[in-house]
Amino acid sequence: MYVLHIRCILCRELGIIFWKSVPLDLNAGKRDQEPEAWGRGYMNILFIGDIVGRPGRNLVKVLLPSIIREHKVDFVIANAENAAGGKGITGPIKDELVGAGIDVLTMGNHVWDNKAVFDFIDNEPRIVRPGNYPGDCPGQGYHTYISGNCTRVTVVNLSGRVFMNSLDCPFRTADRILDEVRGTSDVIIVDFHAEATSEKQAMGWYLDGKVSAVIGTHTHVQTADERILPGGTAYITDVGMTGPMDSILGMVKEEALHKFLTQRPVRLTVARGRSQLDAVLLRFDPENFTVKTIKRVRYYSEE
Ligand SMILES: [Fe+2]
Ligand SMILES: [Fe+2]
């Protein structure tokens, strides 16, 4: 009997890790390893890009246990605004992703697309939606968690406003949230869910030295600009997408093309086929909780 087994093929120059699905390999212990152990002596946080539909969820379930084990990941954050058929999230899907090993699910402009979210978001501390929605919206814009190694990790979700909904100012909302969590967090991770690269870079510079990381989401395409800013904040414009590769942002490409060609509304559905998992690994010095490295990773399945 064959079962899915994950083998790591490293591209050391680019720092990108490609994974392939192959039949069960009884020599698993001999598979390629990174030259330096990622986790030893450090605290590691994995941030996974927008999970799109069933293909994205399935890849998370298959890969995440191996990723956690191989890279000594202590805490996992994932954007799940597209987890339910590309639009929003449901209770069972939330449980599915948490069961796969994700500690916190962040959201974005699709947070309210599936009305089932209203049934549980107020009672689910593991979901964080953009904090700059109007004050009477259900859910929470940030939350502080205790990771497995007793580190206090605050996860903040903010939405951009350029080419997006006109919400409260994300910059001033960040100020307000940081005032509230000051002194009670060791690590602060901001998911800035925004369309415009300029607005994302602006948020990175605005929060440099004030938070541990500003991770961009929403555009579904991983950018190659990850870095530690001068003030010590890790930054990437967009972490990417977890879902079907042969698609347009995770959706069936013919449907999206039809929409562009006809300029008429088209119902978009999640694509099928081989999938990718995009993420960044953040490595922290456990002595002072400063972020030492941010590393892009990409995994994919062949089917
Ligand atoms: Fe998304
Ligand atoms: Fe989005």
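Note that Cβ sites are derived from N, Cα and C of the backbone, with glycine treated the same way.
Unlike curated records, TrEMBL annotations are generated automatically.
Keep in mind that what you see is a predicted model, and the values were worked out from it rather than measured.
Per TrEMBL, the feature Fe cation 1 binding site maps to ASP50, GLU81, ASN82, HIS220. The feature Fe cation 2 binding site is assigned by TrEMBL to GLU81, ASN109, HIS193, HIS218. The active site, proton donor annotation in TrEMBL covers HIS110.
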> Near ligand 1, which of the binding-site residues ASP50, ASN109, HIS193 are found, taking a Cβ distance under 6 A to any of its atoms?
Replying inline: ASP50
> Listed binding-site residues are GLU81, ASN82, HIS218, HIS220; which sit with C-beta under 6 angstroms of ligand 2?
Replying inline: GLU81, HIS218
>> Roughly how many Å lie between the Cα atoms of HIS218 (Fe cation 2 binding site) and ASN82 (Fe cation 1 binding site), rounded to a whole value?
In response: 10
> Considering only the recorded positions ASN109, HIS110, HIS193, which residue has the minimal Cα-Cα separation from ASN82 (Fe cation 1 binding site)?
Replying inline: HIS110
> Between HIS193 (Fe cation 2 binding site) and HIS220 (Fe cation 1 binding site), what is the CA-CA distance rounded to a whole number of Å?
Replying inline: 10
>> Tell me which of the binding-site residues ASP50, GLU81, HIS220 ends up closest to ASN109 (Fe cation 2 binding site) in space, Cα to Cα.
In response: GLU81
>> Sequence gap of 6 or more, Cβ distance under 8 Å: name the residues on the same chain that satisfy this around HIS220 (Fe cation 1 binding site), in order along the sequence.
In response: GLY49, ASP50, VAL52, ASP238, GLY240, MET241, GLY243, LEU249, GLY250
> About how far apart, in whole Å, are the alpha carbons (Cα) of HIS110 (active site, proton donor) and GLU81 (Fe cation 1 binding site)?
Replying inline: 5
> Which one, from the recorded positions HIS110, HIS193, HIS218, has the smallest tally of other C-beta atoms lying within 10 Å of its C-beta?
Replying inline: HIS110
